[in-house]
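**Student:** My questions will all concern the structure given below.
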Amino acid sequence: MNAHIAVLPGDGIGPEVTAAAVAVLRGVAGQAFAFTEHAIGGCAIDATGDPLPAATVEACRAADAVLLGAVGGPKWSDPNAPVRPEQGLLALRATLGVYANLRPLRVHPRLAALSPLKAEHLHGVDLVFVRELTGGAYFGRKTREGDVAVDECRYSVAEVERVVRRACELARARRGRLTSVDKANVLETSRLWRATTERIARDYPDVTLEHQLVDSMAMLLLTRPSAYDVIVTENLFGDILTDEAAALAGSLGVSPSASLGDGRRGLYEPIHGSAPDIAGRGVANPIGAILSAALLLRHSLGLDAEAAAVEAAVDAVLDEAELTADLGGHATTQQVTDAVLDRLAARRKVAA
Ligand SMILES: NC(=O)C1=CN([C@@H]2O[C@H](COP(=O)(O)OP(=O)(O)OC[C@H]3O[C@@H](n4cnc5c(N)ncnc54)[C@H](O)[C@@H]3O)[C@@H](O)[C@H]2O)C=CC1
Ligand SMILES: CC(C)CC(=O)C(=O)O
Ligand SMILES: [Mg+2]
């Protein structure tokens, strides 16, 4: 397949983990992809003054899929800075119209020991968050007047409908259970969210819908994570709950994501940030980025078998290989990437 993948390494460990994901995509059997690299975030501010240069947007629009590392870091975190790296990422998500952010979570048996939970709580955990990605407080009007700051949180019915429909479709294709998370006892946006979710879910009689308030959901994720199948929620709640959920899997470094809109082109990125505390040392865990590349193969390129091969190679590495420091090991980013490539090649030999 002659697909064009736009690669946006970004800042901190972003370039280290996207290099790993690109190496794995190059190792996928029988496929020749074209990769082009573009600036976003802090490095784009340094180069052009803009965290999302027009040339990057143009390249992403022309691509079949976009693979991103992470943006941000202390160099660009001055609260008085006129522009911040994170604005570039938010603008890219909005520009590409990728309103549904899928963040799957499974707990590999070897990593269960690293989780804050006991193994019996983790048995059978297999869930997907569908996080609304282009609305809510991250995109509302922001003002600062004297001692008062305001972040407007705004949702329209149409914005809720499309992401909830996506979550219902996903639940239908999985175990048929949908949990919608809101704060409807307090927030008007959440009351609109809940009413809209109930109405849309009526079109999916085979999907069982339950509602949870976000505060108790934060607790339930830790006490009975295996009870959940698909969890749909708004932007800010989803950002927080998915980092919490990633800890169940052993590390933020292993969680991938796919951000999808109505077309086939998606934006794929690990859920972690630029990890300035470990950047430049070659020790970042590349698995979140590599699994994001697998999601890219599946959702944007329709290469399901190839996606499954990458996921199986990662599982094999998690079974037995030396892992990075966040997972208690001593391996470098390159060693874990090479181990995934070895397993991919071995599977190819067996299949031949
Ligand atoms: N999608 C993005 O580009 C995101 C960017 N950020 C930005 O990243 C910067 C740092 O934010 P933090 O709050 O420190 O969150 P972070 O996710 O970058 O790091 C949190 C902790 O997890 C560790 N970690 C993260 N990814 C890892 C990996 N692949 N391997 C091993 N350890 C890993 C880090 O070393 C750190 O101890 C900030 O500027 C923030 O705005 C944060 C989240 C998402
Ligand atoms: C804009 C990003 C920094 C927000 C975030 O943490 C995320 O999307 O996971
Ligand atoms: Mg986050």
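Any Cβ shown, glycine's included, is placed from N, Cα and C.
In case it's useful when we look at the structure, here is the feature table from TrEMBL:
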| type | residues | note |
| --- | --- | --- |
| BINDING | 73-86, 273-285 | NAD(+) binding site |
| BINDING | ARG93, ARG103, ARG131, ASP215 | substrate binding site |
| BINDING | ASP215, ASP239, ASP243 | Mg(2+) binding site |
| DOMAIN | 4-340 | domain 'Isopropylmalate dehydrogenase-like' |
| SITE | TYR138 | site 'Important for catalysis' |
| SITE | LYS183 | site 'Important for catalysis' |
**Student:** Can you tell me the CA-to-CA distance separating SER77 (NAD(+) binding site) and TYR138 (site 'Important for catalysis'), as a whole number of Å?
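**Tutor:** Cα of SER77 (NAD(+) binding site) to Cα of TYR138 (site 'Important for catalysis') measures 17 Å after rounding.
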**Student:** Which residue among the binding-site residues ALA81, ALA275, ALA279, VAL283 has the fewest other Cβ atoms within 10 Å of its Cβ, if you could check?
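**Tutor:** Comparing Cβ neighbour counts within 10 Å for the binding-site residues ALA81, ALA275, ALA279, VAL283 gives ALA81.
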**Student:** I'd like to confirm something. Which of the recorded positions, ARG131, TYR138, ASP215, has a Cα closest to the Cα of PRO85 (NAD(+) binding site)?
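**Tutor:** Its closest listed neighbour, by Cα, is TYR138.
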**Student:** I'm trying to understand the geometry here, so how far is the Cα atom of GLY73 (NAD(+) binding site) from the Cα atom of TYR138 (site 'Important for catalysis'), in Å to the nearest whole number?
**Tutor:** 18
**Student:** Within 10 Å of LYS183 (site 'Important for catalysis') (Cα-Cα), which of the recorded positions ARG103, ARG131, TYR138, ASP239, ASP243?
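**Tutor:** Cα within 10 Å of LYS183 (site 'Important for catalysis'): none.
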**Student:** Check the DSSP secondary structure of ASP243 (Mg(2+) binding site), expressed as helix, strand or coil.
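**Tutor:** Where ASP243 (Mg(2+) binding site) sits, the three-state DSSP reduction gives helix.
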**Student:** Which of the binding-site residues ARG93, ARG103, ALA275 has its Cα nearest to the Cα of ASP243 (Mg(2+) binding site)?
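**Tutor:** Closest by Cα distance to ASP243 (Mg(2+) binding site) among the binding-site residues ARG93, ARG103, ALA275: ARG103.
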**Student:** Quick check: with ASP215, ASP239, ASP243 left out, which same-chain residues have Cβ atoms within 8 Å of the centroid of the Mg(2+) site Cβ atoms?
**Tutor:** VAL214, ALA218, LEU236, PHE237, GLY238, ILE240, LEU241, THR242, GLU244
**Student:** Among the recorded positions TYR138, LYS183, ASP239, ALA275, ALA279, which have a Cβ atom lying under 6 Å from any atom of ligand 3?
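**Tutor:** So the answer is ASP239.
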**Student:** Other Cβ atoms within 10 Å is the metric here; tell me which of the binding-site residues GLY73, PRO85 scores highest.
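**Tutor:** It comes out as PRO85.
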**Student:** Validating a neighbour-count step here. Other CB atoms within 10 A of the CB of LYS183 (site 'Important for catalysis'): how many?
**Tutor:** 18
**Student:** What's the CA to CA span in angstrom from TYR138 (site 'Important for catalysis') over to VAL283 (NAD(+) binding site)?
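**Tutor:** Per the Cα atoms, TYR138 (site 'Important for catalysis') and VAL283 (NAD(+) binding site) stand 31 Å apart.
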